[in-house]
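Participant: This structure is in C-alpha coordinates; I'll ask about it shortly.
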Amino acid sequence: MFSVTTLLCALASVGYAAPVVYPRATDSFVFTNSNGLNFTQMNGSLPNVTIFATGGTIAGSGSSGVQTTGYTAGVVGILTLIDAVPAILNVSNVAGIQSANVASEDVTSDILITIAKQINKYVCEDPTMSGAVVTHGTDVLEETAFFLDAVVNCGKPVIIVGAMRPSTAISADGPYNLLEAVTVAASPLARDRGAMVVMNDRIVSAYYVTKTNANTMDTFKAPEMGNLGTLVSDVPYFFYPPVKPTGKNELSIANVTAIPRVDILFAYEDMKNDTLYNAIASGARGIVIAGAGAGGVSTSFGYAVADVIAKYGVPVVFSTRAMSGEVPSVALPQIASGYLNPMKSRVLLGLLLAHGKNITEIGEAFKGSTAN
(Lines of atoms letter the chains of each structure in order from A; the text may use other names.)
(Lines give C-alpha, C1' and ligand atoms only; values in the text may rest on other atoms or scores of the structure.)
Protein backbone atom coordinates (compact mmCIF):
# COMPACT_ATOMS: atom_id res chain seq x y z
CA MET A 1 0.00 0.00 0.00
CA PHE A 2 1.29 3.46 -0.94
CA SER A 3 1.73 5.99 1.84
CA VAL A 4 0.61 9.56 1.23
CA THR A 5 4.26 10.62 0.93
CA THR A 6 4.98 7.88 -1.61
CA LEU A 7 1.89 8.86 -3.61
CA LEU A 8 2.89 12.53 -3.72
CA CYS A 9 6.40 11.64 -4.83
CA ALA A 10 5.01 9.41 -7.55
CA LEU A 11 2.72 12.19 -8.80
CA ALA A 12 5.60 14.66 -8.82
CA SER A 13 7.75 12.26 -10.81
CA VAL A 14 5.22 12.19 -13.65
CA GLY A 15 4.84 15.95 -13.89
CA TYR A 16 2.20 16.85 -11.31
CA ALA A 17 3.00 20.00 -9.35
CA ALA A 18 3.68 19.81 -5.66
CA PRO A 19 0.85 20.97 -3.39
CA VAL A 20 0.69 24.74 -2.91
CA VAL A 21 1.41 25.77 0.67
CA TYR A 22 -0.79 28.75 1.45
CA PRO A 23 0.21 31.23 4.15
CA ARG A 24 -1.29 30.97 7.61
CA ALA A 25 -2.47 33.92 9.64
CA THR A 26 0.45 33.33 12.00
CA ASP A 27 2.91 33.69 9.11
CA SER A 28 1.80 37.25 8.34
CA PHE A 29 2.01 40.54 10.19
CA VAL A 30 0.30 43.90 10.01
CA PHE A 31 1.84 47.27 9.24
CA THR A 32 0.16 50.68 9.11
CA ASN A 33 0.90 52.96 6.16
CA SER A 34 0.99 56.75 6.09
CA ASN A 35 -2.76 56.96 5.40
CA GLY A 36 -3.55 54.92 8.50
CA LEU A 37 -4.49 51.76 6.60
CA ASN A 38 -3.57 48.45 8.19
CA PHE A 39 -1.93 46.15 5.64
CA THR A 40 -1.56 42.41 6.12
CA GLN A 41 1.67 41.20 4.56
CA MET A 42 4.03 38.26 4.39
CA ASN A 43 6.62 39.79 2.10
CA GLY A 44 7.39 43.49 2.20
CA SER A 45 8.63 43.43 -1.41
CA LEU A 46 5.19 42.53 -2.78
CA PRO A 47 2.86 45.19 -4.27
CA ASN A 48 0.30 46.91 -2.04
CA VAL A 49 -3.41 46.67 -2.96
CA THR A 50 -6.38 48.11 -1.09
CA ILE A 51 -9.73 46.30 -1.26
CA PHE A 52 -12.85 48.49 -1.01
CA ALA A 53 -15.80 46.32 0.01
CA THR A 54 -19.40 47.24 -0.76
CA GLY A 55 -21.28 44.00 -0.03
CA GLY A 56 -23.18 41.95 -2.60
CA THR A 57 -23.28 38.22 -3.22
CA ILE A 58 -19.53 37.87 -2.72
CA ALA A 59 -20.24 38.90 0.89
CA GLY A 60 -23.54 37.01 1.04
CA SER A 61 -24.72 34.13 3.19
CA GLY A 62 -27.33 31.44 2.62
CA SER A 63 -28.97 28.83 4.82
CA SER A 64 -27.39 25.89 3.00
CA GLY A 65 -24.63 25.01 0.59
CA VAL A 66 -27.09 24.72 -2.30
CA GLN A 67 -28.92 27.99 -1.79
CA THR A 68 -27.92 30.24 -4.70
CA THR A 69 -31.05 32.44 -4.73
CA GLY A 70 -32.92 34.11 -1.91
CA TYR A 71 -29.81 34.40 0.26
CA THR A 72 -28.85 37.53 2.19
CA ALA A 73 -26.31 39.71 0.41
CA GLY A 74 -23.82 42.00 2.11
CA VAL A 75 -23.41 40.34 5.52
CA VAL A 76 -19.75 39.24 5.49
CA GLY A 77 -17.19 41.93 6.30
CA ILE A 78 -14.07 42.75 4.31
CA LEU A 79 -11.62 41.29 6.84
CA THR A 80 -13.48 37.98 6.77
CA LEU A 81 -13.33 37.96 2.97
CA ILE A 82 -9.57 38.57 3.04
CA ASP A 83 -8.96 35.93 5.72
CA ALA A 84 -10.89 33.37 3.63
CA VAL A 85 -8.34 33.67 0.80
CA PRO A 86 -4.88 33.38 2.40
CA ALA A 87 -3.30 32.85 -1.03
CA ILE A 88 -3.80 36.59 -1.62
CA LEU A 89 -0.74 37.18 0.54
CA ASN A 90 1.36 35.32 -2.01
CA VAL A 91 0.73 38.07 -4.58
CA SER A 92 0.09 41.25 -2.61
CA ASN A 93 0.01 42.99 0.73
CA VAL A 94 -3.61 43.95 1.32
CA ALA A 95 -5.67 46.41 3.32
CA GLY A 96 -9.45 46.51 3.51
CA ILE A 97 -11.91 49.39 3.68
CA GLN A 98 -15.60 48.68 4.29
CA SER A 99 -17.08 51.37 2.04
CA ALA A 100 -20.58 49.87 2.31
CA ASN A 101 -22.19 46.47 2.92
CA VAL A 102 -25.36 46.26 0.87
CA ALA A 103 -26.94 44.30 -1.94
CA SER A 104 -25.91 45.97 -5.18
CA GLU A 105 -29.46 47.08 -6.00
CA ASP A 106 -29.17 49.30 -2.88
CA VAL A 107 -26.01 51.04 -4.11
CA THR A 108 -26.66 54.77 -4.40
CA SER A 109 -24.86 57.60 -6.15
CA ASP A 110 -23.67 58.76 -2.72
CA ILE A 111 -21.94 55.40 -2.22
CA LEU A 112 -20.35 55.67 -5.68
CA ILE A 113 -18.99 59.13 -4.93
CA THR A 114 -17.59 57.89 -1.61
CA ILE A 115 -15.82 54.91 -3.21
CA ALA A 116 -14.34 57.01 -6.01
CA LYS A 117 -12.98 59.61 -3.60
CA GLN A 118 -11.58 56.88 -1.35
CA ILE A 119 -9.76 55.27 -4.28
CA ASN A 120 -8.35 58.62 -5.38
CA LYS A 121 -7.14 59.35 -1.84
CA TYR A 122 -5.87 55.97 -0.68
CA VAL A 123 -4.60 54.57 -3.99
CA CYS A 124 -4.05 57.26 -6.62
CA GLU A 125 -2.41 59.78 -4.28
CA ASP A 126 -0.24 57.19 -2.51
CA PRO A 127 2.91 56.32 -4.50
CA THR A 128 3.34 53.08 -2.51
CA MET A 129 0.02 51.68 -3.77
CA SER A 130 -0.19 49.50 -6.89
CA GLY A 131 -3.93 49.24 -7.39
CA ALA A 132 -7.45 48.95 -6.01
CA VAL A 133 -10.06 46.20 -5.88
CA VAL A 134 -13.77 46.89 -5.34
CA THR A 135 -15.92 43.96 -4.21
CA HIS A 136 -19.48 44.45 -5.39
CA GLY A 137 -22.82 42.78 -6.00
CA THR A 138 -23.28 41.74 -9.60
CA ASP A 139 -26.75 43.12 -10.38
CA VAL A 140 -25.56 46.69 -11.02
CA LEU A 141 -21.82 46.00 -11.03
CA GLU A 142 -21.39 47.23 -14.59
CA GLU A 143 -22.77 50.64 -13.65
CA THR A 144 -20.34 51.07 -10.76
CA ALA A 145 -17.49 49.83 -12.96
CA PHE A 146 -18.36 52.36 -15.69
CA PHE A 147 -18.64 55.16 -13.11
CA LEU A 148 -15.20 54.39 -11.65
CA ASP A 149 -13.72 54.09 -15.14
CA ALA A 150 -14.85 57.66 -15.81
CA VAL A 151 -13.69 59.31 -12.57
CA VAL A 152 -10.55 57.42 -11.45
CA ASN A 153 -7.89 58.36 -13.97
CA CYS A 154 -4.51 57.97 -12.30
CA GLY A 155 -3.38 55.02 -14.40
CA LYS A 156 -3.37 52.54 -11.54
CA PRO A 157 -5.62 49.51 -12.07
CA VAL A 158 -9.08 49.57 -10.49
CA ILE A 159 -10.59 46.08 -10.49
CA ILE A 160 -14.27 45.44 -9.78
CA VAL A 161 -15.12 41.91 -8.71
CA GLY A 162 -18.18 40.02 -7.55
CA ALA A 163 -19.61 36.55 -7.27
CA MET A 164 -22.66 34.70 -8.55
CA ARG A 165 -22.80 32.34 -5.58
CA PRO A 166 -22.79 33.39 -1.91
CA SER A 167 -19.85 32.56 0.33
CA THR A 168 -21.79 29.70 1.93
CA ALA A 169 -22.51 27.89 -1.37
CA ILE A 170 -20.83 24.69 -2.45
CA SER A 171 -18.15 25.73 -4.95
CA ALA A 172 -18.59 29.44 -4.20
CA ASP A 173 -16.90 31.51 -6.89
CA GLY A 174 -16.14 34.56 -4.75
CA PRO A 175 -12.83 33.52 -3.15
CA TYR A 176 -11.06 32.66 -6.39
CA ASN A 177 -12.53 35.70 -8.13
CA LEU A 178 -11.14 37.85 -5.31
CA LEU A 179 -7.70 36.25 -5.62
CA GLU A 180 -7.66 36.90 -9.37
CA ALA A 181 -8.84 40.48 -8.90
CA VAL A 182 -6.04 41.23 -6.43
CA THR A 183 -3.55 39.52 -8.75
CA VAL A 184 -4.53 41.78 -11.66
CA ALA A 185 -4.58 44.90 -9.47
CA ALA A 186 -1.03 44.10 -8.33
CA SER A 187 0.27 43.54 -11.86
CA PRO A 188 2.23 46.32 -13.61
CA LEU A 189 0.77 45.00 -16.87
CA ALA A 190 -2.66 46.22 -15.74
CA ARG A 191 -1.68 49.89 -15.59
CA ASP A 192 -3.22 52.50 -17.92
CA ARG A 193 -6.15 50.26 -18.91
CA GLY A 194 -8.88 52.03 -16.94
CA ALA A 195 -11.20 50.16 -14.62
CA MET A 196 -11.69 46.46 -15.34
CA VAL A 197 -14.01 43.67 -14.22
CA VAL A 198 -12.23 40.43 -13.29
CA MET A 199 -14.42 37.37 -12.82
CA ASN A 200 -14.40 33.77 -13.95
CA ASP A 201 -10.87 34.03 -15.41
CA ARG A 202 -11.86 36.95 -17.66
CA ILE A 203 -10.46 40.48 -17.70
CA VAL A 204 -13.00 42.85 -19.28
CA SER A 205 -13.00 46.61 -19.83
CA ALA A 206 -15.41 48.39 -17.49
CA TYR A 207 -16.37 50.63 -20.41
CA TYR A 208 -17.90 47.76 -22.38
CA VAL A 209 -18.67 44.98 -19.87
CA THR A 210 -22.25 43.86 -19.25
CA LYS A 211 -24.02 41.16 -17.27
CA THR A 212 -25.34 38.74 -19.89
CA ASN A 213 -27.09 36.14 -17.72
CA ALA A 214 -29.01 36.48 -14.45
CA ASN A 215 -27.82 33.20 -12.97
CA THR A 216 -24.68 31.65 -14.45
CA MET A 217 -21.13 32.33 -13.24
CA ASP A 218 -19.95 32.95 -16.82
CA THR A 219 -21.99 36.12 -17.09
CA PHE A 220 -19.75 39.23 -17.41
CA LYS A 221 -18.72 39.77 -21.01
CA ALA A 222 -18.24 42.40 -23.69
CA PRO A 223 -20.25 40.70 -26.47
CA GLU A 224 -19.06 42.82 -29.41
CA MET A 225 -15.71 44.12 -28.16
CA GLY A 226 -14.29 41.03 -26.45
CA ASN A 227 -12.10 40.64 -23.40
CA LEU A 228 -8.89 42.49 -22.58
CA GLY A 229 -7.32 39.31 -21.30
CA THR A 230 -7.59 36.20 -19.20
CA LEU A 231 -5.99 34.46 -16.25
CA VAL A 232 -4.48 31.00 -16.31
CA SER A 233 -3.37 29.50 -12.99
CA ASP A 234 -3.79 32.97 -11.49
CA VAL A 235 -1.39 34.55 -13.99
CA PRO A 236 -2.87 37.47 -15.99
CA TYR A 237 -2.38 37.54 -19.74
CA PHE A 238 -3.44 40.62 -21.72
CA PHE A 239 -4.26 40.26 -25.40
CA TYR A 240 -3.46 43.90 -26.24
CA PRO A 241 -1.27 46.74 -24.97
CA PRO A 242 -2.99 49.47 -22.93
CA VAL A 243 -5.44 51.56 -24.95
CA LYS A 244 -8.29 53.93 -24.10
CA PRO A 245 -11.76 52.95 -25.40
CA THR A 246 -13.01 55.13 -28.26
CA GLY A 247 -15.19 57.93 -26.92
CA LYS A 248 -14.28 57.48 -23.26
CA ASN A 249 -14.88 60.56 -21.11
CA GLU A 250 -12.57 61.24 -18.16
CA LEU A 251 -14.18 63.40 -15.51
CA SER A 252 -13.11 64.66 -12.08
CA ILE A 253 -15.04 63.60 -9.00
CA ALA A 254 -13.19 65.97 -6.65
CA ASN A 255 -15.87 68.65 -6.44
CA VAL A 256 -18.91 66.44 -7.07
CA THR A 257 -21.15 66.03 -4.02
CA ALA A 258 -24.30 64.70 -5.69
CA ILE A 259 -25.41 63.17 -8.99
CA PRO A 260 -28.59 64.63 -10.53
CA ARG A 261 -31.45 62.21 -11.09
CA VAL A 262 -31.57 60.55 -14.51
CA ASP A 263 -34.38 58.14 -15.39
CA ILE A 264 -34.39 55.32 -17.93
CA LEU A 265 -37.59 54.80 -19.91
CA PHE A 266 -38.01 51.44 -21.64
CA ALA A 267 -39.64 51.66 -25.07
CA TYR A 268 -42.45 49.25 -25.95
CA GLU A 269 -45.48 48.95 -28.21
CA ASP A 270 -48.13 51.60 -27.56
CA MET A 271 -45.88 53.47 -25.13
CA LYS A 272 -47.72 56.46 -23.69
CA ASN A 273 -46.29 59.96 -23.72
CA ASP A 274 -47.20 60.58 -20.09
CA THR A 275 -44.42 58.25 -18.97
CA LEU A 276 -41.99 60.92 -20.16
CA TYR A 277 -43.86 63.86 -18.63
CA ASN A 278 -44.29 61.99 -15.34
CA ALA A 279 -40.54 61.42 -15.09
CA ILE A 280 -39.88 65.13 -15.56
CA ALA A 281 -42.57 66.04 -13.04
CA SER A 282 -41.00 63.62 -10.53
CA GLY A 283 -37.68 65.43 -10.67
CA ALA A 284 -35.64 63.79 -13.43
CA ARG A 285 -33.05 66.21 -14.83
CA GLY A 286 -32.12 63.86 -17.64
CA ILE A 287 -33.77 61.03 -19.54
CA VAL A 288 -32.37 57.94 -21.24
CA ILE A 289 -34.65 56.12 -23.67
CA ALA A 290 -33.99 52.38 -24.05
CA GLY A 291 -35.41 52.45 -27.55
CA ALA A 292 -36.46 49.64 -29.85
CA GLY A 293 -33.76 48.56 -32.29
CA ALA A 294 -31.35 51.43 -32.86
CA GLY A 295 -33.09 53.69 -30.35
CA GLY A 296 -36.50 53.86 -32.02
CA VAL A 297 -39.70 55.26 -30.47
CA SER A 298 -43.14 55.95 -31.90
CA THR A 299 -43.82 59.13 -33.88
CA SER A 300 -46.02 60.44 -31.08
CA PHE A 301 -43.41 59.78 -28.43
CA GLY A 302 -40.79 61.47 -30.60
CA TYR A 303 -42.90 64.63 -30.64
CA ALA A 304 -43.19 64.41 -26.83
CA VAL A 305 -39.40 64.20 -26.54
CA ALA A 306 -39.00 67.33 -28.69
CA ASP A 307 -41.57 69.10 -26.53
CA VAL A 308 -39.81 68.18 -23.28
CA ILE A 309 -36.43 69.36 -24.58
CA ALA A 310 -37.89 72.67 -25.81
CA LYS A 311 -40.00 73.41 -22.70
CA TYR A 312 -37.80 72.13 -19.89
CA GLY A 313 -34.29 71.96 -21.34
CA VAL A 314 -33.96 68.36 -20.17
CA PRO A 315 -31.38 66.33 -22.15
CA VAL A 316 -32.72 63.12 -23.68
CA VAL A 317 -30.32 60.35 -24.73
CA PHE A 318 -31.46 57.56 -27.05
CA SER A 319 -29.95 54.13 -26.37
CA THR A 320 -31.16 50.64 -27.28
CA ARG A 321 -32.94 47.91 -25.38
CA ALA A 322 -31.07 45.34 -27.50
CA MET A 323 -28.09 43.47 -25.99
CA SER A 324 -25.60 45.13 -28.33
CA GLY A 325 -25.32 47.45 -31.32
CA GLU A 326 -25.00 51.17 -31.96
CA VAL A 327 -27.49 53.99 -31.82
CA PRO A 328 -26.16 56.24 -34.61
CA SER A 329 -25.70 59.98 -34.35
CA VAL A 330 -28.77 62.22 -34.49
CA ALA A 331 -29.09 65.97 -34.80
CA LEU A 332 -29.08 68.04 -31.63
CA PRO A 333 -30.93 68.64 -29.40
CA GLN A 334 -31.56 64.87 -29.40
CA ILE A 335 -28.55 62.77 -28.35
CA ALA A 336 -27.52 59.26 -29.39
CA SER A 337 -25.74 56.93 -26.96
CA GLY A 338 -23.61 55.24 -29.61
CA TYR A 339 -22.35 51.94 -28.21
CA LEU A 340 -23.28 52.72 -24.59
CA ASN A 341 -26.19 50.71 -23.20
CA PRO A 342 -28.99 52.47 -21.26
CA MET A 343 -27.43 51.86 -17.84
CA LYS A 344 -24.06 53.31 -18.80
CA SER A 345 -25.73 56.16 -20.67
CA ARG A 346 -27.56 57.03 -17.45
CA VAL A 347 -24.30 57.04 -15.47
CA LEU A 348 -22.51 59.25 -18.00
CA LEU A 349 -25.43 61.67 -18.34
CA GLY A 350 -25.63 62.02 -14.55
CA LEU A 351 -21.91 62.79 -14.31
CA LEU A 352 -22.10 65.35 -17.11
CA LEU A 353 -25.05 67.06 -15.42
CA ALA A 354 -23.12 67.07 -12.13
CA HIS A 355 -20.40 69.00 -13.98
CA GLY A 356 -22.95 71.54 -15.21
CA LYS A 357 -22.79 70.58 -18.89
CA ASN A 358 -25.49 71.89 -21.24
CA ILE A 359 -27.25 69.92 -23.97
CA THR A 360 -24.71 70.86 -26.64
CA GLU A 361 -21.78 69.83 -24.42
CA ILE A 362 -23.55 66.62 -23.45
CA GLY A 363 -24.12 65.83 -27.12
CA GLU A 364 -20.41 66.29 -27.82
CA ALA A 365 -19.49 64.00 -24.92
CA PHE A 366 -21.71 61.21 -26.27
CA LYS A 367 -20.64 61.78 -29.87
CA GLY A 368 -17.34 60.00 -29.26
CA SER A 369 -19.22 56.76 -28.59
CA THR A 370 -20.91 56.79 -32.01
CA ALA A 371 -19.49 55.49 -35.27
CA ASN A 372 -20.68 58.43 -37.37
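All positions are counted from 1 along the displayed chain.
Glycine too: its Cβ is placed from the backbone N, Cα and C atoms.
Automatic, uncurated: that is what TrEMBL annotation is.
Taken from TrEMBL, the feature signal peptide applies to 1-17. Annotation comment: TrEMBL describes 48-238 as domain 'L-asparaginase N-terminal'. The active site feature in TrEMBL is assigned to Thr57. Annotation source TrEMBL lists active site, O-isoaspartyl threonine intermediate at Thr57. Residues annotated as substrate binding site in TrEMBL: Ser104, Thr138, Asp139. Residues or ranges marked as domain 'Asparaginase/glutaminase C-terminal' in TrEMBL: 261-366.
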Participant: Using a 10 Å radius around each Cβ and counting other Cβ atoms from all shown chains, which of the recorded positions Thr57, Ser104, Thr138 yields the largest count?
Facilitator: Thr57
Participant: When DSSP states are grouped into helix, strand and coil, how many residues of the domain 'Asparaginase/glutaminase C-terminal' (261-366) land in each?
Facilitator: 43 helix, 22 strand, 41 coil
Participant: Cα-Cα separation of Asp139 (substrate binding site) and the residue listed as 'active site', in Å?
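Facilitator: With distance taken Cα to Cα, the residue listed as 'active site' is 9 Å from Asp139 (substrate binding site).
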Participant: Mean pLDDT for the domain 'Asparaginase/glutaminase C-terminal' (261-366), rounded to an integer?
Facilitator: 96
Participant: Compute the mean position of the Cβ atoms of Ser104, Thr138, Asp139, which form the recorded substrate site, and then list in sequence order the other residues of that chain whose Cβ is within 8 Å of it.
Facilitator: Gly56, Thr57, Ala103, Glu105, His136, Gly137, Val140, Leu141, Gly162, Lys211
Participant: Determine, from DSSP, whether Ser104 (substrate binding site) sits in helix, strand or coil.
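Facilitator: Assignment for Ser104 (substrate binding site) reads helix.
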Participant: Have a look around Asp139 (substrate binding site) and count the other CB atoms within 10 A of its CB, chains all included.
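Facilitator: Result for Asp139 (substrate binding site): 18 neighbouring Cβ atoms inside 10 Å.
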Participant: Taking DSSP three-state, what's Thr138 (substrate binding site) in: helix, strand or coil?
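Facilitator: In the DSSP reduction, Thr138 (substrate binding site) maps to coil.
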Participant: Looking only at C-alpha atoms, tell me how far Ser104 (substrate binding site) is from Thr57 (active site), rounded to the nearest Å.
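Facilitator: Here the two Cα atoms are 8 Å apart.
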